[in-house]
Every structure is written in C-alpha cells, then in structure tokens.
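What Swiss-Prot says about this protein:
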| type | residues | note |
| --- | --- | --- |
| BINDING | N13, N66, G76, N77, N165, N198, E216, R217, G226, T227 | substrate binding site |
| ACT_SITE | C75 | active site, proton donor |
| ACT_SITE | C225 | active site, proton acceptor |
Amino acid sequence: MQIPFTKMHGLGNNYVYIDLFDYAIDEKLYHDLAIQISDVYTGIGSDGMILIHPTTDADVGMRIFNKDGSEGKSCGNGLRCTAKYAYENGIVTNKKFHIQTKANIVEAEVSVDNNKVNQVTIDMGEPILARNEIPMMGNNDVKVVNEPFVVAGETQYITAVSMGNPHGVFFVDDIEKAPLETLGPTIEKDMRFPESINVEFIEVVSPTELNFRVWERGSGITQACGTGACAAVVAATLNEKVTKSHPIVVHLAGGDLNIEWKEDNHVWMTGPAEVIATGLFYYKEE
C-alpha cells in the first residue's frame with residue numbers, strides 16, 4: 001500500500017503526517033502503521049504518526065500515535081504542525097480556526113508570510129490539576145504540588161498537571177544533570193500513574209525563563225513537547241517560581257516556545273512549525 005505523507009517538526013519533535021481528507025486507511029491498521037512508519041531503520045523515522053482528518057465538530061481533526069503504536073490524546077507540537085498543514089494545503093482558509101483532538105477542541109491562529117505559516121499560536125485550554133483527573137493514584141481531588149515522590153530509592157518532588165495528557169514535573173538545579181535517561185522510563189511506567197505519564201525536568205533560569213527536558217510517554221526522549229512546556233509553566237506557577245499572566249520562554253532541546261497561563265485559566269502556546277519532507281510510504285500490511 002502506497003501512503004502519501006508529510007514529515008514535519010515542531011522544534012525537532014517530528015511526526016509523519018497523513019492527510020485523510022482525500023485518502024482512506026482502515027482504522028485497524030493505525031497501530032501497526034504508526035510503528036512501521038516511525039521506525040528509523042525501516043520506516044520514515046519519527047516520534048510518531050499524526051492523522052489529519054475531517055470532523056463535524058471542528059474545522060480539522062487530528063489523532064496522535066506514538067512510535068510504539070499507542071494513541072495519545074494531545075500534542076502541542078503536533079497541533080502547531082497540523083495548523084500549518086491545514087492552512088497551507090487549503091483545508092482551512094481563515095487564519096483562526098479550530099482543531100479537534102482526543103482531549104478537546106482547541107483554537108489555532110497562524111501567522112503567515114508569503115503564504116507560508118511561520119508561527120502558530122494555540123489556546124491549549126485549561127490545565128487539569130485534580131489528582132484523579134491526571135490520573136494519579138491517591139486522594140482524589142487534591143492538587144499534586146511539590147509532593148514527595150520516592151523513585152529508585154530516592155525522594156524527588158513532583159507537581160502533576162494534565163494538558164489533555166498527563167505530565168509529572170520535577171524541578172532541578174542543573175538541567176544538564178537531570179536524570180532523564182534513568183528516571184524518565186521508570187517514572188513513565190510507575191504504577192501510581194494508571195495511564196502512565198510524560199516526565200519533565202525543569203530548571204528555573206529566571207522568573208521569565210525555564211530550561212526543559214522531557215521523556216515522552218510512548219516515545220522516550222524527544223527534542224520538544226508542547227503540552228509538556230505548558231505543564232512546566234503551570235507547575236512553575238503553582239510552585240511560585242514564575243508569575244501567572246506573564247509570558248514565559250521555555251528553552252527546549254529543539255528551540256524555544258512562548259507560554260502564557262492567563263487569568264482566564266487558559267494556557268497559550270506560540271512557536272514554529274516546519275515541513276521536512278513529503279513522499280510515499282510503502283506500507284506492508286502484516
């Protein structure tokens with residue numbers, strides 16, 4: 001089966017995008033297709049696969065699959081790339097429109113120069129802070145803010161935030177010494193998180209800047225995570241390390257995102273989206 005694709009990235013967080021507006025794929029193949037297409041040796045190579053599809057509830061829909069084939073609910077970098085693709089390929093004609101994910105419907109606004117999208121701003125919605133809605137085991141409706149968290153025999157301190165997908169945020173003094181490769185996979189699969197969790201280590205540079213590294217659920221270390229950057233700013237605000245309603249620059253491995261948690265409780269994200277390649281993927285149905 002020959003499948004047209006576009007590979008895109010948001011600050012290095014790269015996915016293979018498949019346009020289902022003019023092309024149909026049997027849903028039972030999504031899991032295996034995501035695994036095959038994401039393989040760096042025998043596929044295109046990516047952090048996962050995103051399907052751009054019609055929906056009656058918004059201007060465009062997107063479904064996110066990690067490189068292990070599991071389906072995610074939201075992806076900030078994926079939203080920006082989907083917005084760019086939708087505008088540049090005529091799926092939408094207005095610069096402000098709505099995208100549906102498994103988590104929610106978000107508003108996107110594109111900044112255009114010479115008919116090319118160079119920046120995308122997304123209203124990522126309201127953060128979810130109740131423990132049972134992260135979800136995380138324990139006292140149901142209590143916020144998880146700087147809570148002791150024993151892992152690998154050591155006590156870390158976690159702040160948990162959901163931005164449509166779950167994030168465990170840990171603050172460190174030096175981002176270069178963050179135990180991402182060792183604790184990332186351990187925390188991701190910890191039994192205290194029924195749906196597993198994304199893991200972020202954050203260094204506070206100043207009241208307006210954060211350094212950020214991420215271990216993504218189902219994908220491992222990636223260059224960037226948009227929902228994670230939003231969760232990091234919410235967590236930093238809850239821990240009184242930054243101020244609400246002030247733009248915060250989050251320095252990710254792949255570049256910078258501008259995040260603001262506004263007084264209306266919505267978190268806004270602004271950043272770039274880029275096309276890497278287009279082509280045909282030769283899918284072997286197993």
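Any Cβ shown, glycine's included, is placed from N, Cα and C.
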In whole Å, note down how far the CA of the residue listed as 'active site, proton donor' lies from the CA of E216 (substrate binding site).
11
DSSP secondary structure for G76 (substrate binding site), reduced to helix/strand/coil, please.
helix
Residue with minimal Cβ packing [other Cβ atoms within 10 Å] among the active-site residues C75, C225:
C75
For the binding-site residues listed here (N13, N165), tell me which residue's CB has the most neighbouring CB atoms inside 10 Å.
N13
How many Å lie between the Cα of N13 (substrate binding site) and the Cα of the residue listed as 'active site, proton acceptor'?
7
Cα of G76 (substrate binding site) to Cα of the residue listed as 'active site, proton acceptor': how many Å, rounded?
7
Starting from the Cβ centroid of N13, N66, G76, N77, N165, N198, E216, R217, G226, T227, which together make up the recorded substrate site, report each further residue of the same chain whose Cβ lies within 8 Å of that point, ordered by sequence.
G72, S74, C75, G78, V214, S219, T222, C225, G228
In whole Å, how far is C75 (active site, proton donor) from G226 (substrate binding site) when you measure between their Cα atoms?
6
